[in-house]
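Comments concern the structure below.
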Amino acid sequence: MTPNEFFSIKYHILAKAELKAYIDKLADYLSQQSYLYHTLDKPIISDSDYDKLFRLLQDLVNDNPQFKPINSVLDRVGGEVLAEFETIKHKKKMTSLANVFSLEELRDFYDKIEYDIELECEPKMDGLAISIFYKNGKFDYAVTRGDGIQGEKVSENVKTIRNVPLKLNTSNPPEELEVRGEIILDKQSFLSLNEYMQTHENKTFANPRNAAAGSIRMLDSKVVAKRPLKLYSYGIGYFSKDFVHPETQFELMQLLQSFGFTISDNMFLAKNFSEVEEYHHKMSHQRADLAYDIDGLVFKVNNIKLQDIIGYTARGPKWAVAYKFPAEEVESEVLNVEFQVGRTGAITPVARLKPVAVGGVIVSNATLHNINEIKRKDIRVGDRVIVRRAGDVIPEVVKSLPQYRKSDAQMVEMPTNCPVCDSAIENVNDQAIYRCTGGWHCQAQTTERLKHFVSRKAMDIDKLGAKLIEQLVAANLIKYPADIYKLNFDQLTGLERMGAKSSQNVLDSIKKSKTPSLARFIFAIGIKDIGEVSSDVLANHFGSLESFRDAKFEELIEINDIGEIMANNIVSFWHDSLNIKIVEELLAIGIKIQNPVKVEHAYNESFTGKTVVITGSFENYGRTELTQLLKSIGAKVTSSVSKKTDMVICGDNAGSKLTKAQELGVEVILEDNLKDLL
């Protein structure tokens, strides 16, 4: 049918069965047009006709909700807001590829296979990995990679992506099929999204990858539906026995394209290593001109049977490898050096640069780490410098180019007083770190401490973001954590960009945070060097805030994961009258700390009461899953190896923890033996 034929039908006089058939036919037609437009880039109807037909379908379903078609284009507009994402297990482990960083290492991979082979070559998209499960050809659910064993179910968000098939384009779909791919934002869409975000929300994303990942993890799919995300498929995971698997990887990708998935235009079949080198050379030079960001190339053995023979490690397939591009480096000029103050008072020099594009992002600031690094690299204001950015790493100044140095270039000196509060700056034990001594009296430290206090792993006041904290501090509405709980509706609505609904959401979020676990509360109050894991250890050991507050140094250093420096910091924290006042104000204003419940663990001869460290990756367990399993049988799982450690459970690619365990004579358990002990 054509658009005009759909419009010509007098649907308002149709019988119920006829109306349902008309709605189904219209939904199928729109799905086909969406596929032609978003996947094949070959539309056959105008945007105007598509929009009119889409509105017609919406109106018909609104008037006749009992006839709403399953997995139609209507599902792309988003649904109800979720409270949280469900965690579900992958039917087939979602592994990672081994990395190589040079052509020599890529040649080693090729030679180890010991066959004359073809390699299927493709760009390595820099986005969010996703797995989409289809049942009898219809979209069932979508899940993120997570830890490879399990991930977050993000079905409603993924359904909004225009080029994700809601039905497979085949008359004979397999009973079950899991399709895997990368969700991305192309460069132009990213720039447009950031312009919108800057105008409407006064914030932007750092890069397209963060934008894609952040969008998919939003709880409101209606917002996600407005984001120009795109899926590129790169393979399959689990499939039922009735799936007719092609003989080669290249043919598999063509099959997925016929099902309705978008695949890369830059896929290539290399018949020998010489062609692999040619592809590498071509893509390295075309990288900057691609519509989307890539951070490397992927090479897969083309023959599927040969893939099965070559096999897998616990981490991933031995028949595929990812070539990672070297960190991108460009030249820029240091316009100025400013000093930022962090949550603990640490002073960090930051170079203000002449804006330059690097790694897909416009960079105008770069870290200089500390004053010792500045002196070692001899970086001066006015210098031309090399700036590097790799992945999500904060851009850094690698080195200066003294051959271009101007005569008026200025050396950088560490200030003696805080640039924010004018308190003295101290250097303890002649280390590289200098700190402002102002504490809560320094507005910069106050702001960062309050950001930490409300953060997701602390008090989890999710509607109270970093920008709003900055506004509240600048307006003198909050100075200490308890002030957050004194905020009222009028104060919030009086701030820029804060309407009635947003203000009420903030107040609801604050109220919801009043019953934190003891571990969250310890983490939130910001004791120096006490992170999330240490807070959990301390909460479980002491059981209450009162016991923790009264802890002596001698008791603290006996606790696994708590060393002398951390113990000293804890004792010093509770000897500071201002810290005690801050905590008491929080308790007085209604914070009800939930103490950990003592759980009776199942007894296990090998693990109950033992201190265990996990290192490496495992074939049959995710790290989170294994940690929870060990805790359930009474083991204490810690993050570092020490003399107090009873055993180290070791998977593939174990690093320094295994070395330290061997040096200390700590028992090492391999995954092969773990199942018997459990």
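Quick reminder: no glycine exception, Cβ is built from N, Cα and C everywhere.
Feature annotation from Swiss-Prot assigns NAD(+) binding site to Asp47, Ser48, Asp49, Tyr50, Asp51, Ser96, Leu97, Glu122, Arg145, Glu182, Lys300, Lys324; the stated evidence is sequence analysis. Listed in sequence order, Pro3 are the same-chain residues at least 6 apart in sequence whose CB falls under 8 Å from the CB of Asp49 (NAD(+) binding site).
Summarising the annotation, Swiss-Prot assigns active site, N6-AMP-lysine intermediate to Lys124 and lists sequence analysis as the type of evidence. Counting every protein chain shown, the Cβ of Lys124 (active site, N6-AMP-lysine intermediate) has 22 other Cβ atoms within 10 Å.
As annotated by Swiss-Prot, Zn(2+) binding site applies to Cys418, Cys421, Cys436, Cys442, with the evidence given as sequence analysis. Under the three-state DSSP scheme, Cys442 (Zn(2+) binding site) falls in the coil class.
Per Swiss-Prot, the feature domain 'BRCT' maps to 602-678.
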Neighbour tally for Cys436 (Zn(2+) binding site), based on other Cβ positions within 10 Å of its Cβ: 27
Three-state secondary structure, Leu97 (NAD(+) binding site) (per DSSP): coil
Nearest recorded site to Lys300 (NAD(+) binding site) by CA-CA distance, among recorded positions Lys124, Cys418, Cys421, Cys436, Cys442: Lys124
Nearest of the recorded positions (Leu97, Lys124, Arg145) to Cys436 (Zn(2+) binding site), judged by Cα-Cα distance: Arg145
Overall pLDDT of the domain 'BRCT' (602-678), taken as the mean: 83
Cβ packing number for Asp51 (NAD(+) binding site), 10 Å threshold: 10
